[in-house]
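A short worksheet on the structure shown next.
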C-alpha cells in the first residue's frame, strides 16, 4: 500500500484549497490502495526540510472548511528545481519520498509548478522510480495552455466583475464628470481585466473602456478615448490590466518611474492605474481616481464562484484517480462540452507541453480599437462565475480553515 | 393628503438604499395619509433643478433589489445650504416642496446631511411651514453622535474584517518574513480600522498591529513595534487608518509629499499605507507590500451585513412613522438594548445636536501602546457584522437596482 503526498506552490487563489480538498477526500476514499495522505508544508521547499503533515488527521470541520478558504492551507513556495536532472537535489528528494512510501505525488499550482511536475516525472523515468507525478492546475491568471480554463480564474473573475459593478454604482452617485480607473491583475494575459466586462448591465454601461496587455497601449489614443467616452456618460469606469505596455514593450507602470522619486529618493514606481490617474488629471483636468483591486482579487471567499470551487475540487479528485490508473507526467485539464449548455469534464495533458507556455486572450475576442472585448469572451467567461458557496460562518465571518 | 419626498446625500454606503427601501415601503403602506413617495435625484441640488421621480412607480423587483444595492439609487450630492436662513434658496426650495404637496421630507446621509435637515426644519419653523423634516443616518465612518452606531458601518466593518482575514491567509503562504500594510478608510475616526480586529481568529493572529487616528502616530515607535512583532510571527499584517497623524496633527500621508514628485512634476501624495510601505522597506529591509482597501469598503454587496441592512431599512421606516406622528427636526438614532443579547430599537434625537459633531473611538477601548483595541470594541462591533443577505442573482452577480 502506497501513500499520497500533495503540495501547493506559487501564488494562492480563492479555490486552491478546494483542489487540496479534492485530493484529500479522493485519497482517503481509496482505503484499499492508499495508506496516508500527506501534505508538504511550503511545497517542495518545505518537504526538503522534512516538513509535512498527515492530512488524514484533519478534523472533518477543517477538511470541509478548505472548500471556502482562500490562501494555501499547506503554505506555498516559489522554488524552482534545477534544469540539470543530474543535480543532487533529485536523489535527495526521491529518498525522502521513498522513506514516506509515497507512490503518488500531486502538485497544485501554475506554470512553474507544472515545471516541477515535469522535471520530477522525467527524473523518475530516468531513475526507474514508480512514483507517479500529477499536476493540478491553479492560477487566477488563466494563462495555462491545453485547458479550457484554470481553477482559480472563475472566482477571481467574479470578484473583478462584482467589484467593478459596485465601483460603477459608487462612481455614478454624483453629477460631476469623473473617471475611475480600476487596475486589475494580469501581467501578461488579460483574462482577468477582460472579466470586468461581465459587470456591464446594459449597452453603454460601465466599464466603458477595457485595456488588456494583448494590445499595445498608446496613451494619446487612451486620452482621446476617455474624452470621447465622457461625452456619452458623465461617470466613466476604465479597467486596465496591470500589464498594459506600449508597442515597444515598455510597461505603462514603468512610465511612473521616469521622473518620480519617493520621499526616500528612490524611483517611485506606482501601478499603471495611479500613473493613468495622474495622466488624466494633468491632461484632461477631469475629476479622477484610481482603484487597485490588489490581492483581494485572489482571496475573496464571499465572491467565490461555486462553479470554480467545485471544478477545483473535481480536478483534485480526477488527479488522484488518474494516478491510481497509472498515469504520470500529466496535468489535469478541463474540456468544455460542445453545445449550448455549459459542462466541464476532466482530461489529462502532457505536463511537459504545458509548462513555460502562456495562453493569452485571443486577439479575435478583442474589439478593433483594443478598448473592449466581444461576445465571445462573455460566452466563455460567464459560466465560470456562477453560483455562490454556502458559507459556514463564525463570528460574522466565513469559518476559514487555518494552521496556526 | 400629503406627499413624501426623500433624498440621499454624501458618500454612498452598502446599505443607504436599504434605508431608501424602508422609507418607500413605509410611505406606500400609509395609503390613507400619504399620496406619493417622491425621490429627489442628486439630493437637494437636483431637486432645486426640479429633478425627482415618483418612487411608487418602481417595479417591485427594483424596490426589493434596493436592499442589496450599494451606491445611492437616487444619486447624491455634496450641497451645503447657506448658514443664513434669509438666503433666497430657502423660499425657492419651499415653493417647490409646496408645489409637490410635500408634507414629509427625509434626508438619508451623514453629518453634512443632518446640517441640511437642521437648517430646513429651522427655516420651516421660522416660515410657519408644516412640512416635517427627518434625518436618516448613514455613514460607514460611524462618527455620528447620539446613536449607538450608524447604518452603513456594519457592512463596511464586515468587509474590512473579512478582507483583512483573507489578506492574512494570503500573506502567510510563504515562509519568508513579510509585512502587509492595509490602509482602511476613516479620516478622523478609527471605527473602521478598529474593525480589522474582528479578523483575528486566535491570540497573536493577524492583524497584529492596528493604528487609529485617535492616538498620535510616531513612526519610530511604529518601526520598533513592527520589528518586535516580526519576532513573534513571520508574516505580519498591520492595519492603519487613512487618517493617522503625528502629535503635531500632520497626516502621515502628507509625509509622502515632502520629497516626492510624480512624473508630471507635482507633489506625489500617496496614501499613508504606501508611505509606510516605503518606510519599512527603507528602514527594516524586509519584504513589504501595502493594500489600500479603497471604495470597495463601502460598496460590497457580498460582504453586506444583514443586521446592518435590516437596521438601515428599519431606520427609514421609523423615520416615516415619526414624521406622521408630528416629529420634525429630528434624526433617527439607534439605542442598544442593555443585557447580554444584542438588540436595537429606534429613537429620535435633536438633529441640531448631531450635525457638525464627531464621535471617535473611546480612548479607553484602545490599548495603552496605541497598537490595538480591546474587548470593549469587539463586544461593540461584533453584533453589527452578523448575517449574510440572500442575494437575488443575475448573470452570476447580485441583481442590483439601478437607474440608467
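Numbers here mean position along the shown chain, with the first residue as 1.
Each residue, glycine too, has its Cβ placed from N, Cα and C.
Owing to the predicted nature of the structure, the values given are computational and were not obtained by experimental measurement.
Feature annotation from TrEMBL assigns domain 'Phosphofructokinase' to A:3-301.
Among the features that TrEMBL reports, diphosphate binding site is placed at A:11. For residue A:11 (diphosphate binding site), the same-chain residues that are 6 or more apart in sequence and have a Cβ closer than 8 Å to its Cβ are A:76, A:110, A:139, A:140, A:298.
Summarising the annotation, TrEMBL assigns Mg(2+) binding site to A:111. For the recorded site, residue A:111 (Mg(2+) binding site), the DSSP three-state label reads helix. Counting only residues at least six positions away in the same chain, the Cβ atoms of A:10, A:139, A:143, A:144, A:354, A:355, A:356, A:357, A:358 sit under 8 Å from the Cβ of residue A:111 (Mg(2+) binding site).
The site 'Important for catalytic activity and substrate specificity' annotation in TrEMBL covers A:112. If you take the C-beta of residue A:112 (site 'Important for catalytic activity and substrate specificity') and look for same-chain residues 6 or more apart in sequence within under 8 angstroms, you find A:9, A:10, A:78, A:80, A:355.
Residues or ranges marked as site 'Important for catalytic activity' by TrEMBL: A:138. When secondary structure is read from DSSP and collapsed to three states, residue A:138 (site 'Important for catalytic activity') falls in the coil class.
In the three-state DSSP classification, residue A:242 (substrate binding site) falls within coil. Shown in sequence order, A:183, A:184, A:185, A:186, A:187, A:253, A:271, A:272, A:273 are the residues of the chain, 6+ apart in sequence, with a C-beta less than 8 angstroms from the C-beta of residue A:242 (substrate binding site). TrEMBL lists A:139, A:140, A:141, A:185, A:186, A:187, A:242 with the feature substrate binding site.
Spread of the substrate binding residues is 16 Å (greatest Cα-Cα distance among A:139, A:140, A:141, A:185, A:186, A:187, A:242). According to its DSSP assignment, residue A:11 (diphosphate binding site) is coil.
Surrounding the centroid of the Cβ atoms of A:139, A:140, A:141, A:185, A:186, A:187, A:242, where the record places substrate, the chain contributes additional residues within 8 Å, namely A:143, A:188, A:189, A:191, A:192, A:241, A:243. A C-beta separation below 8 Å, combined with a sequence spacing of at least six in one chain, links residue A:141 (substrate binding site) to A:110, A:150, A:153, A:185, A:186, A:187, A:188, A:189, A:191, A:192. Sequence-distant neighbours of residue A:138 (site 'Important for catalytic activity') (same chain, 6+ apart, CB under 8 A from its CB) are A:10, A:13, A:15, A:16, A:19, A:108, A:109, A:110, A:150, A:151, A:152, A:312. Ranked by Cβ neighbours within 10 A across all protein chains shown, the binding-site residues A:140, A:185 are led by A:140. The most densely surrounded of the binding-site residues A:139, A:186, A:187 is A:186 (count of other Cβ atoms within 10 A of its Cβ). DSSP assigns residue A:186 (substrate binding site) to coil in the three-state reduction, outside any helix or strand.
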